[in-house]
Amino acid sequence: MHPHAPSRRTLFRLALTGLTGAGAPLLLTGCGGRSENSSANVSTQGSAGRLLPSEAPLPEPFGRALPVPRVLKPVRTEPGTDYYEITQKTGTARILDDLETPVWGYDGTFPGPTIVSQRGRRTVVTHTNELPVPVVVHLHGGRVAADQDGYPTDYLHPVTGRVADHHGGGLNGAQGTRDYVYDIDQPAATLWYHDHRMDFTGPAVYRGLAGFHLIEDASEDSLGLPSGERDIPLMIADRSFAADGSFLYPSTDPSLTKVPGVSADYMSGVLGDCVLVNGAAWPELEVKAVRYRFRILNAANARRFRLRLDDGPEFVQIGSDQGLLAAPVTRTRIDVAQGERFDVVVDFSGYAAGSEITMVNERGDGPTAQVMRFVVTGPAGDDSRVPEKLGAVEELSGSDVVATRSFTFRRGGAKAHGMSLWTVNGEAFDPETVLATVKLGTVERWTVVAQNNEHPFHVHLGAFQVLGNTSAGHVDEGWKDTVNLDNGGRAELLVRFDRNRGAAVLHCHNLEHEDMMMMANFEIV
Ligand code: C2O
Ligand code: CU
């Protein structure tokens, strides 16, 4: 059992109370007499979900320079350890032309600051919660201790006091301030951190609680890849805006304290009509005619992107979720599902000054078909390279498999009020039911099946290699922690947890599905 979880009965009963209790209409808003089909299994532009049109005027594309999130400086450094501090608080973003957008951010900004850790060193991040709700910080892709990972009920309550949430349990964890201690012992990789509070992850991330956490190591440093100002993280996400400029999201309870969930029409997912990169709408980046490294993250709640450089070079993929590939792979397009990372090098050297290259989203339509633009300013020196051999990627072999499991992500099984929930193997998330017990250091073969909708699968604390995936356009090279699944898709994974024991979750990274119970516990022993 997870040491911080409330009792099984309390939480599970209350979770379902959230669905069925008076005035608690998760999935049920306006559902009197509504048939299940009217809200079921919607897909739009290749993604589970429904488009939520903005009420505020959106800016013209390519009018703003790409912001690059600031790199957080340690407040203190000791032999072997770097200490950081982040305050989660409200802030204001200038995304629209005439209106301000309130955000919930790490240090009040969206995206939050980038943390850069060195492999072999300990990173301690002290988070202070000045928001009005409990928070949970998850290091997505981190192979860290289970009690530092951001288990959904390991709450950090506000400085102003503990909040009893709809579970009535809701009092677990720290209040005001807590340390997240990461013993970083995994290869160089592009990770990210984001909120992961039970039942409220979707709206919290949508309001801005997401940032990059990069891991560096000596073997990557020795490769000569583009670095410094030519190594740029790109956090891609869609949002919609209310008439007052705030982020528009169909929460049942906008206080995000009592009733989880979204209005029934959006239970498949919330799709925005404005594409943000690092928090700016359709930004533009001036580049020299040289190589750049871009660390692409899809931080959207529900939208999948299919990226291509229009009138531009191809992507040279050098890394995946968990770090460098063995060798670079040239790709015309990259499908990136929510939570996935693609580390790419783009070589602008064949392009004359003034060339404009648009990163397009082939899954999008109208405004969401564009992401950002690069403008080549002119030549410059470039001593970077992309070597033929990148990382040391150990290939897992099917003959090492000690156990096989299968996880079906679909709608149905568990029900409330005659409405089917998003489930894993037919079960709604119960923090105290352990779906799988895995032995540390062993290899397992997991079959993941997606039904009724697209479902990106994500597992905490471990990493996997993809043996096969029926989903169209998927790119699954290297070590991953998230895999893109089409509706009806099926992936075969070789999974290994090799760092820490403890309880963690696997779930759908469509955040609306995740909040509506599509998550399960497993335990590493
Ligand atoms: Cu990025 Cu459990 O999530
Ligand atoms: Cu899903």
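One-based numbering along the chain as shown.
Cβ from N, Cα, C; glycine included.
TrEMBL entries are annotated by machine, without manual review.
Database features, via TrEMBL:
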REGION    35-65  region 'Disordered'
COMPBIAS  35-47  compositional bias 'Polar residues'
DOMAIN    90-153  domain 'Plastocyanin-like'
DOMAIN    175-218  domain 'Plastocyanin-like'
DOMAIN    418-523  domain 'Plastocyanin-like'
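Sequence-distant contacts of the region 'Disordered' (35-65) (same chain, at least 6 residues past either end, Cβ-Cβ under 8 Å): 27, 95-99, 240-245, 248-250, 264-274, 280-286, 301-304, 306, 363-365, 367-368, 370, 372-373, 411, 418-420, 452-455, 487, 510, 512-513. In the domain 'Plastocyanin-like' (418-523), the DSSP tally of helix, strand and coil residues is 5 helix, 52 strand, 49 coil. In the domain 'Plastocyanin-like' (90-153), the DSSP tally of helix, strand and coil residues is 3 helix, 29 strand, 32 coil.
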